[in-house]
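Trainee: Can you keep this structure in mind? I'll have questions shortly.
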Amino acid sequence: SAWCEFNLLSWMREERQSRKLILVIVFIALLLDNMLLTVVVPIIPSYLYTVDDAAANMAKNHTVGSPHSPSATFQTIVSLYDNSVRVTSGGPMDSTHMPPGQTQATSPSTSGVTPHNSTQPDCPKADDQLLNENVKVGLLFASKATVQLITNPFIGPLTNRIGYQIPMFAGFCIMFLSTIMFAFSSSYTLLFLARSLQGVGSSCSSVAGMGMLASVYTDDEERGNAIGIALGGLAMGVLVGPPFGSVMYEFVGKTAPFLILAVLAVLDGALQLFILQPSKVEPESQKGSSLWSLMKDPYILIAAGSICFANMAIAMLEPALPIWMMQTMCPRKWQLGVAFVPASISYLIGTNIFGVLAHKMGRWLCSLIGMVLVGVSILCVPFAKNIYGLILPNFGVGFAIGMVDSSMMPIMGYLVDLRHVSVYGTVYAIADVAFCMGFALGPSTGGAIARSIGFPWLMTIIGIVDILFAPLCYFLRSPPGREEKMVRRDETRTSYQLTHKGTHGWLTFKHKITNIFFYIRYTFYSV
C-alpha cells in the first residue's frame, strides 16, 4: 500500500498542471459548492417553520397565561426526532388532581407541532404563518446569489491580473467557513449570513474554474466537452444535495449533513494545494477586453439571458415547491428533497449528452429547444396531485436546463475568441452573473409572487417568459467576428496593394515565366 501511495504521489507530481487534473479539481469544486447550495433546500423551510411555530406558540401562551395565572410555568422539551422545540405549559392543580411531578405533556395547552410517528406525514396548517415562510425562505435562498452577483464583476478582472489558482483556493476557504456556520447556526440571521458568505466563495470557485478550463482547452470542441464534464459536477451536486439533506435531517439532525460537507471540502482544499500551488501569481499574457465592452456585446447578452431565465425556473421551484407540497400533499420531510431528484438526474444526463452533441447540432438550436422545453415543463408542475406527479415535469425541467447550460457556457468562450481578446475570466464572470441573477431574482420575487397570487400563477409566469425568450437564441447561429479584427485585416490588405501598386502585374508575369522555366528544365532532365 505504501508503494501504491508513493506511485500515486509521483504520478500527481508529474501530471501537475495537466488538463485532466485541472478538470477534476473544477469538477469537485462545483460538486461541493452545489451540494451546499441544494442541501439546504429541504431543510430550511421545515426547520424555520418549526422554530417560528414554537416561538409563536410560546409567545401566545405567555401572553394568555401571564396576566391570569402568575404561578403558571413553562417547560421546553427538545424533540430529538425533528429538532423542534416544544413548549409545555402547566399551572396550579385543578379539578383533574394530577399527581405531583407529572408533566402535562398531553394537555391541550401543549404547543408546537404534534409529534408524529414514522408513518405519519407532515401536515402543517395552511395559515398565514406558513405563507409567510415563502418570503423568508425566498430571501434567504436569494442572498447567496445576490452576494455572488455583486462579487463577480470584481473576481473576473482579478483573475486576469493574478491568475486562477489563488481565487480558486480562496473560494474553498470561504465555502468551508460557510459550511461550518450552517452546521451550528440556529437563528434566521446566522443562516442568512452563512448563505450570503457562500456567495463570495461560489463566485471565486465558478469564475476561476470556468476561466481555467477555457484557457487550457483552446479547441472549441474540446472546450465544450470539458465544460460539459465540469457542469456534470454541478449536476451531481444538485442531484445529491436535496435527498442527502432531507434524509440526514429526518433521521440524524440538521448539523450532520453540513459537517460531512465540511470534511469533503477539506479534502478538496488539500488537492488544490498539491496540484494548483495557489501561492503563485500567474497573470494572463495579454490584457483582456473590459467588462463594459463585453456587456455591450448583444450576442454575449443573449447567451447570458438564456442562462439566466433557464436557471430562474429551478430557482423559483426551490423555495416555493416544498412549501406548496406542505400545503397540498402533506409529504414527509425526506420527500421534500426527493421531489428534486428527477430534475437533478435529468440535468446530469443533459449536460453530459449535449456537452458533445450541442457542437454538432448547433449550440443555438440546442439552447432554443431547451428554453422551450423549460417553459413547457414548468407549466406542468402545478398539475401534480402528489409527489409522483412531479416526476415527469421536474425531469423535463432539469434536462432542458442541462441543454441550455452545456450549450451557452462553451459559446461564451467562443464569442470571446471570435469577437474579443481570448482572455476568459471576465466573460465567465458575466456568465456567472447571469446564473446568479436567475438564482437571486427567482427565490426573492418567486416567494412574494407565490404568497400574493399563488404557486400555479408563479409557474405560469416563468414558463411563458422562457418560451418567449427562446427565439432570441437564433441570433447565435452565426455571430460575426469582431469589427476590430475585420478592420485590421482590411488595412493589411490595403497596405499590401498600395505597397505593390504598379508592380503587381510585373510580379505576376515574372512568376509565370519562372514556372515555365522550371517545367522545361524538369522535362529536359527527365529525358
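Backbone N, Cα and C define each Cβ position, glycine as well.
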Trainee: Which range, 124-142, 200-218, does TrEMBL list as transmembrane segment?
Mentor: 200-218
Trainee: Please determine whether the transmembrane segment (337-357) and the transmembrane segment (454-476) are in contact (criterion: at least three Cβ-Cβ distances under 8 Å, sequence separation 6 or more).
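Mentor: Stretch pair does not touch.
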Trainee: Would you kindly list the residues that approach the transmembrane segment (454-476) from elsewhere in its chain, counting only those six or more residues past its ends and only Cβ-Cβ distances under 8 Å?
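Mentor: Beyond its ends, the transmembrane segment (454-476) has Cβ neighbours at 298-299, 302-303, 305-306, 309-310, 312-313, 316, 320-321, 324, 363-365, 367-368, 371-372, 374-379, 381-382, 411, 442, 446.
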Trainee: May I ask which of the stretches 21-44, 225-244, 364-384, 423-442 has the most CB pairs under 8 A with the transmembrane segment (256-276)?
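Mentor: Comparing 21-44, 225-244, 364-384, 423-442 against the transmembrane segment (256-276), the winner is 21-44.
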